[in-house]
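Colleague: Attaching a single structure in structure tokens format; questions to follow.
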Amino acid sequence: MYASREDIGYDFGDDSKAGSKPIKPNPNIDGGWAWMIVLSSFLVHILIMGSQMALGILNMEWLEEFNQSRGLTAWVSSLSMGITLIVGPFIGLFISMCGCRKTAIIGGILNALGWILSAYASNVHYLFLTFGVTAGVGSGMVYLPAVVMVGQYFQKRRALAQGLSTTGTGFGAFLMTALLKYLCTEFGWRNAMFIQGAISLNLCVCGALMRPLSPKDVVSEKYVVRSNSGDNQAKALSHSAETVKSKGVLSEEPEKKQEATNEEVLDSVQHIEIGGKSRSRRDMYGLRILKTVSQLTVTVRKGFAIWYSSYFGAASLFTNRVFVAFIIWALFAYSSFVIPFIHLPEIVKQYNLSSQNNIFPLTSIIAIVHIFGKVILGIISDLPCISTWNVFLIANFTLVTCILTLPLMQTYVSLAVVCALIGFSSGYFSLMPVVTEDLVGTKHLANAYGIIICANGISALLGPPFAGWIYDITHKYDFSFYISGLLYMVGIIFLFIQPYIQKKRPREKSTEEAQV
């Protein structure tokens, strides 16, 4: 595995610059305002992910209010959680055009609107549109910028920062569950959703805190000194990043040419505006509108060009084979984490452990240890002698082992131990942005991580129904764990062996060239 994140590099830029003297760092990198970004991301995770973890309270209210089947009603929360992640690639387009701050503020407004409109729902299908789609898209527009901004502001302590910010999910699950339960009891579920919509407007404040770095600070990331470690897999993963570079991802020359053309257009507009001072105010107003439209067009075209080349260009992110393996892994990972929450009550009931579980629920053990797991794994990954990639893979192997062995446990103590391991090892979620950034670089983090969370969203959307389908056929919960665990294992193995394949191919190519 690679020895450190620096072995991979943060940019697909010129290798000749890799060993250059670094530019004077911004004091806000790894300190200063960077911790305000962590606070902003932490609050975003509380308000978005925490609220989604607490939707079971509202789901019971919807079942009683609309008198629909459990399967149909469950699609409301599933749509909201799934769409939040699935829209990731399209949110990357917004970030390319508008930046993280504007995208997050717009998303906060849209999320609050979804909650408020849902308070007037007359049926479940109405909630599909207002809560599932509207609030879901709004959540996605805030969630992705919150993760990306932490990646931009941190270099040395990136894993710890991501770990601290994502603990908001665990805290939010407790806070929002208690809050929604209280609001539903005191004011009814409709007023509770209206109040929650007002609270969600604080996402706009979180977005406002996402102050963008200056271009000079972003460029300075190119001058990260790479480690000279002899680790073979480090070279393999570094090569996977260079593969994208060598094929010309986001070539700078066309961008410069287009920027020059666009600047000429804007200069001509400014020249007309200056030359027309003697004209009427109506003409000047029209010129200002033309200038604004021209600037907006330039921004949109540039953002779309970056987004399109990342996904569909001749040298897209998909030319990075390790990154493609990462996507395949993400398709199976999230559902395997969700399944224990679905079937644990059945396990407890089957083994007559309800009295002990009521004192300290097994799901609460997972949630609490999950918080500590994110922070501890982040601290370990930031140690100079520890590989983030190794920590990530070990945590995944531990989680899949626990998923496969959990149905074999028959006592409360053994189940509690396995659940604690599940909670701790699933803390690798905080490392996902770090690993993604190591593979593709800071510049492409928004688009790349958008693809990863989209794969997670598909897994979250289809995983629980798939587990229920297996249970309906076999009438045993065990098979849900075994099948999802085996699929998850396939994804991990594919992710594990891909760097070795990536390393072997350049050697084969060089051998063929030598023979020629």
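Every residue gets a Cβ built from N, Cα and C, even glycine.
In case it's useful when we look at the structure, here is the feature table from TrEMBL:
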- 33-55: transmembrane segment (TRANSMEM)
- 37-503: domain 'Major facilitator superfamily (MFS) profile' (DOMAIN)
- 75-96: transmembrane segment (TRANSMEM)
- 103-121: transmembrane segment (TRANSMEM)
- 127-148: transmembrane segment (TRANSMEM)
- 160-180: transmembrane segment (TRANSMEM)
- 192-210: transmembrane segment (TRANSMEM)
- 322-344: transmembrane segment (TRANSMEM)
- 359-377: transmembrane segment (TRANSMEM)
- 389-409: transmembrane segment (TRANSMEM)
- 415-436: transmembrane segment (TRANSMEM)
- 448-467: transmembrane segment (TRANSMEM)
- 479-497: transmembrane segment (TRANSMEM)
Colleague: Which of 75-96, 192-210, 415-436, 479-497 shares the most C-beta pairs under 8 angstroms with the transmembrane segment (160-180)?
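Modeller: Maximum Cβ contact count belongs to 415-436.
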Colleague: Find the member of 127-148, 322-344, 389-409, 415-436, 479-497 that has more C-beta pairs under 8 Å to the transmembrane segment (192-210) than any other listed stretch.
Modeller: 127-148
Colleague: For the transmembrane segment (33-55), give me same-chain residues lying six or more residues beyond its boundaries with a C-beta closer than 8 angstroms to one of its C-beta atoms, as numbers and ranges.
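Modeller: For the transmembrane segment (33-55), the far contacts come to 76-77, 80-81, 84, 104, 111, 139, 142-143, 146-147, 149-150, 153-154, 161, 164-169, 171-177, 179-180, 196, 199-200, 202-203, 206-207, 209-211.
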Colleague: Which of 103-121, 322-344, 359-377, 415-436 has the most Cβ pairs closer than 8 Å to the transmembrane segment (479-497)?
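Modeller: Per the Cβ count, the answer is 322-344.
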Colleague: Taking contact to mean three or more C-beta pairs under 8 angstroms, with sequence separation of 6 or more, is the transmembrane segment (322-344) in contact with the transmembrane segment (127-148)?
Modeller: no
Colleague: Quickly jot the same-chain residues contacting the transmembrane segment (415-436) by Cβ under 8 Å, restricted to those at least six beyond its ends, or write none.
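Modeller: Same-chain contacts beyond the flanks: 5, 147-148, 150-151, 158-159, 162-163, 165-167, 323, 326, 337, 340, 344, 347-348, 353, 360, 362-363, 365-370, 372-378, 381, 388-389, 391-392, 395-396, 398-399, 402-403, 405-406, 409, 445, 448-449, 452.
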Colleague: Looking only at residues six or more beyond either end of the transmembrane segment (389-409), which have a C-beta under 8 A from one in the stretch?
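Modeller: Residues 1-2, 233, 237, 329, 333, 336-337, 339-340, 347, 377, 380-381, 415, 418-419, 421-422, 424-428, 431-432, 435, 438, 477-478, 481-482, 484-486, 488-489, 492, 495-496 contact the transmembrane segment (389-409) from elsewhere in the chain.
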Colleague: May I ask for the residues of the chain that lie six or more residues beyond the transmembrane segment (127-148) and have a Cβ under 8 Å from a Cβ within it?
Modeller: 40-41, 44-45, 48-49, 52, 62, 75-76, 78-88, 91-92, 94-95, 100-101, 103-104, 106-115, 117-118, 121, 162, 165, 203, 206-207, 210, 433, 445-446, 449-450, 453
Colleague: Residue list, the transmembrane segment (448-467) vs rest of chain: Cβ under 8 Å, 6 or more residues beyond ends.
Modeller: 74, 78-79, 81-92, 143-144, 147-148, 151, 310-311, 317, 323, 326-327, 330-336, 338-339, 342-343, 432-433, 436-437, 439-440, 480, 484
Colleague: Mind checking which residues reach the transmembrane segment (75-96)? Cβ under 8 Å, same chain, six or more beyond either end.
Modeller: 48, 52, 55-56, 58-59, 62, 103, 106-107, 124, 127-128, 131-133, 135-137, 139-141, 143-145, 148, 302-304, 306-307, 310-311, 446-447, 449-454, 456-458, 460-461, 464-465
